[in-house]
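Shown next, in structure tokens, is the structure this report addresses.
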Amino acid sequence: MSIISTKYLLQDAQANGYAVPAFNIHNAETIQAILEVCSEMRSPVILAGTPGTFKHIALEEIYALCSAYSMTYNMPLALHLDHHESRDDIRRKVHAGVRSAMIDGSHFPFAENVKLVKSVVDFCHSQDCSVEAELGRLGGVEDDMSVDAESAFLTDPQEAKRFVELTGVDSLAVAIGTAHGLYSKTPKIDFQRLAEIREVVDVPLVLHGASDVPDEFVRRTIELGVTKVNVATELKIAFAGAVKAWFAENPQGNDPRYYMRVGMDAMKEVVRNKINVCGSANRISA
């Protein structure tokens, strides 16, 4: 087993009408918790790390952990660079073995976004690395990234078509009403916009900001063509909440083997639910 490109995972998902969950990772415990569930449920998985994650724990260490777990659980997995904005940073990490990258130029005007993404695609494809890009812009907060509501905008279907044609990108993250983080009220998802994008764009579509979105909404986006579902905030909240509760009950506790396991178990329940929502269980052979 090995670290593979997301391209192969998403192509199968697109052909068979399900989505691959992409879970954000932060340390060894979060990687282990996610993969314990994915192994049990035989679900393909994408482990996504933001630039902030790779500042916290070195790429080489994350890559070694993922490679070891891939062998332990006898399953392929994808290690994905989430919301990276630097070409040079992506090049370095691809040379180190990563085979999936998101170059985020969504804050640039269309032409500049195209230019940036095309340059990354040209390099990454020479290394068998798949590339995701974003058109439109999600609001909210994720790690070091913060986008206010006034700066967020939805994806235009015809621009999406042109963007994919001009860049050769392997998958496209679309802005259809979700946001990073949690919601103060139920999000208004533009399903019609998603359907119109699907009609003119052939590559796999990606839903960012899926934390806290009602399950039935996520299922509907998958029916309309989403093949990768990103989850971050819900994982962190479950983990942190369980650890806080453990310390409230065990104020003198100090053994990370106990409180980390409590956090991991809480996170695993979120992972299990998202796999069921995505319909990705039993998609890889035992």
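Keep in mind that glycine also has a Cβ here, set from the backbone N, Cα and C atoms.
According to DSSP, ASP82 (active site, proton donor) is assigned to a strand segment. If you look up Swiss-Prot, you'll see ASP82 marked as active site, proton donor, on the strength of sequence analysis.
In the three-state DSSP classification, HIS208 (Zn(2+) binding site) falls within coil. Look at Swiss-Prot and you will find HIS83, HIS180, HIS208 tagged as Zn(2+) binding site.
Around ASN230 (dihydroxyacetone phosphate binding site), the same-chain residues at least 6 positions away in sequence with a Cβ under 8 Å from its Cβ are ALA22, ASN24, ALA48, ASP82, VAL206, LEU207, HIS208, GLY209, ALA210. According to its DSSP assignment, ASN230 (dihydroxyacetone phosphate binding site) is in a strand. Taken from Swiss-Prot, the feature dihydroxyacetone phosphate binding site covers GLY181, GLY209, ALA210, SER211, ASN230, VAL231, ALA232, THR233.
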Other CB atoms within 10 A, centred on GLY209 (dihydroxyacetone phosphate binding site): 26
Neighbourhood of VAL231 (dihydroxyacetone phosphate binding site), C-beta criterion under 8 angstroms, separation at least six: PRO21, ALA22, PHE23, ASN24, ALA210, SER211, VAL270, LYS274
Spatial separation of ALA232 (dihydroxyacetone phosphate binding site) from HIS83 (Zn(2+) binding site) - C-alpha basis, Å: 12
